[in-house]
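Here is the structure we will look at.
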Amino acid sequence: MGDKSRKNSATQDVEANGTSEQQQQVEAVAKAVHGHPVSEHPTTYCETLMHLLKGNIGCGMLAMGDAFRNGGLLMAPILTIFIGTVCIYNNHILLNVAHKLKSRLKLEHCPTFSETVELSFATGPKSLQKHADLFRTTVNVFVIITQLGFCCVYILFVSNSIKQFCDEYGTVLDIHIHMIFALVPIMSCAMIRNLKFIAPLSTAANISMAIGLGIILSYCLVDLPTLNSRTAVAHWSQIPLFFGTAIYAFEGISLVLPLQLEMKTPNRFASTMGVLNVGMTIVTFIILTMGFVGFWRFGDDVKGSLTLNLPPTLILSKIVVGLMVFAIICTYTLQFYVPVAILWPSVQEKYGPFQSPALAEYLLRAALVFATFLAAEVIPHLALFISLVGAIASTFLALIFPPICHMVVWKDEGFGAFNWKLHMDIITILLGLLGFVTGTYFSLHDIIVAFSKDFGFH
């Protein structure tokens with residue numbers, strides 16, 4: 001009896017020590033949380049909505065016609081609505097987990113995306129606790145690479161569009177010269193440090209994008225063929241290509257926390273008629289419309305960007321290209337905001353305090369813009385490498401990390417009737433893994449094929 005009592009006591013001591021160690025680790029992580037401080041220039045509901053729309057409406061929107069070709073005119077809309085619903089759900093999950101951790105751990109500021117993942121793991125099972133710091137770093141690296149990767153694509157899009165326009169009028173210059181020209185407006189816009197002051201650019205960009213998309217749709221809706229002339233359900237081997245493009249088009253989760261915490265009334269971001277639901281419903285509708293009409297009009301001849309299906313001699317084509325260039329330059333500014341927000345606190349902590357913090361931040365911004373410019377300039381087949389990074393990073397950020405954090409943090413809260421939230425988390429993770437495996441495979445295949453052609457292999 002005495003031996004059993006001493007054994008139980010020893011077990012309790014071990015468990016107490018383990019709990020104490022976990023508590024100490026969580027407290028240490030919580031103290032290190034920079035969080036997202038309250039903005040000095042908060043944004044309104046409409047300004048935040050403009051940012052959300054601009055962050056989700058970009059080059060991926062113009063590729064949805066090609067995505068629908070890989071899905072089929074009947075299957076693609078169903079899959080698009082499903083993917084859109086999952087992405088909106090994950091955005092809500094990330095917000096709920098971040099605010100739950102802030103309340104539970106009594107944090108001064110709401111944690112960032114990476115800090116939310118770190119705190120979720122630090123407060124979770126022992127098997128996850130020791131990896132908390134690693135996952136925080138992983139999320140930050142994924143976010144920075146993904147966002148700067150978008151910026152590289154935007155530089156290529158703007159440069160090629162300017163070259164296309166100049167070539168049409170006989171001013172034929174090397175693409176690298178056009179990239180230097182594109183650097184000037186992009187660098188200027190990237191110097192804007194506050195979301196409040198980016199709002200007018202987002203509004204102007206959304207108007208430009210809306211007019212451009214309207215012109216494209218007006219052209220596509222002329223001389224439409226019969227619906228039954230298009231493939232209703234594509235071959236199963238093409239579906240992964242659809243998933244890759246669709247997930248890319250919905251990829252805006254890195255902006256969700258910063259946008260909410262920059263609002264004057266943050267509680268209006270995730271409410272029933274809040275910015276998130278209204279904005280993402282609009283985004284889903286536009287994606288559906290562009291994809292459906294684009295594939296219906298052009299069929300198997302639809303290009304990777306619907307702008308390429310417009311006749312180059314048509315004056316409206318030139319107007320569309322000009323509007324899209326302006327909108328994409330403004331989008332660069334918003335996508336660029338996220339990596340700066342991640343890197344700037346670390347730079348301050350390591351090299352500060354600075355005599356002129358504003359000047360130091362401007363130098364950081366200039367260095368990052370030059371980095372995206374150089375990457376777009378010197379890396380061969382950059383778009384293919386960005387697709388590979390996107391297949392890995394975007395799927396983990398948008399579809400895998402949020403539901404894992406939710407499962408860990410909500411394990412004691414319950415998952416609703418019939419555990420529907422848990423089932424939704426599992427479905428989301430499986431969808432993310434599908435996107436990761438198929439996207440990585442096809443991206444690597446395209447890279448190998450491209451470099452094989454460069455070196456004369458077949």
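Including glycine, each Cβ sits where the backbone N, Cα and C put it.
Summarising the annotation, TrEMBL assigns region 'Disordered' to 1-23.
Under the heading compositional bias 'Polar residues', TrEMBL lists 8-20.
What TrEMBL records for 42-443 is domain 'Amino acid transporter transmembrane'.
Annotation source TrEMBL lists transmembrane segment at 74-97 (among others).
Sequence-distant contacts of the transmembrane segment (134-157) (same chain, at least 6 residues past either end, Cβ-Cβ under 8 Å): 58-59, 113-115, 117-118, 121, 179, 182-183, 186, 251, 254, 324-325, 328-329, 331-332, 335-336, 338-339, 342-343, 368-369, 371-373, 375-376, 382-383, 386, 389-390, 392-394, 396-397, 401. Among the features that TrEMBL reports, transmembrane segment is placed at 134-157 (among others).
Taken from TrEMBL, the feature transmembrane segment applies to 169-190 (among others).
Look at TrEMBL and you will find 197-219 (among others) tagged as transmembrane segment.
According to TrEMBL, the transmembrane segment annotation covers 239-261 (among others). Outside the transmembrane segment (239-261) by six or more residues, the chain places 36, 38-39, 43, 48, 51-52, 55-56, 60-61, 63-64, 66-68, 70-71, 75-76, 79-80, 83-84, 87, 90-91, 94-95, 98, 110, 112-113, 116, 143, 146-147, 195, 269-270, 275-276, 283, 287, 334, 337-338, 341, 387, 390-391, 394-395, 397-399, 402, 434-435, 438-439, 441-442 with a CB less than 8 A from a CB of the stretch.
As annotated by TrEMBL, transmembrane segment applies to 273-295 (among others). Within the same chain, residues 45, 48-49, 52-53, 56-57, 61-62, 64-69, 73, 76-77, 80-81, 84, 87-88, 91-92, 95, 213, 216-217, 220-221, 230, 246, 249-250, 256, 259-260, 263, 302, 306, 309 sit at least 6 positions outside the transmembrane segment (273-295) and bring their C-beta atoms closer than 8 Å to a C-beta of that stretch.
Look at TrEMBL and you will find 315-338 (among others) tagged as transmembrane segment.
Here TrEMBL flags 359-376 (among others) as transmembrane segment.
For 382-401 (among others), the entry in TrEMBL reads transmembrane segment.
Through the fold, the transmembrane segment (422-444) approaches residues 83, 86, 89-90, 93, 240-241, 243-244, 247, 384, 387-388, 390-392, 395-396, 398-400, 402-404, 406-407, 415 of its own chain, all at least 6 residues removed from its boundaries and within a Cβ separation under 8 Å. What TrEMBL records for 422-444 (among others) is transmembrane segment.
For the transmembrane segment (197-219), the residues of the chain that approach it from at least six positions outside its boundaries are 41, 43, 47, 50-51, 53-54, 57, 61, 189, 286, 289-290, 293, 306-307, 310, 314, 316, 319-320, 323-324, 326-327, 329-331, 333-334, 337, judged by C-beta separation under 8 angstroms. Taking every listed stretch (74-97, 315-338, 382-401) in turn, the largest tally of C-beta pairs under 8 A with the transmembrane segment (169-190) is reached by 315-338.
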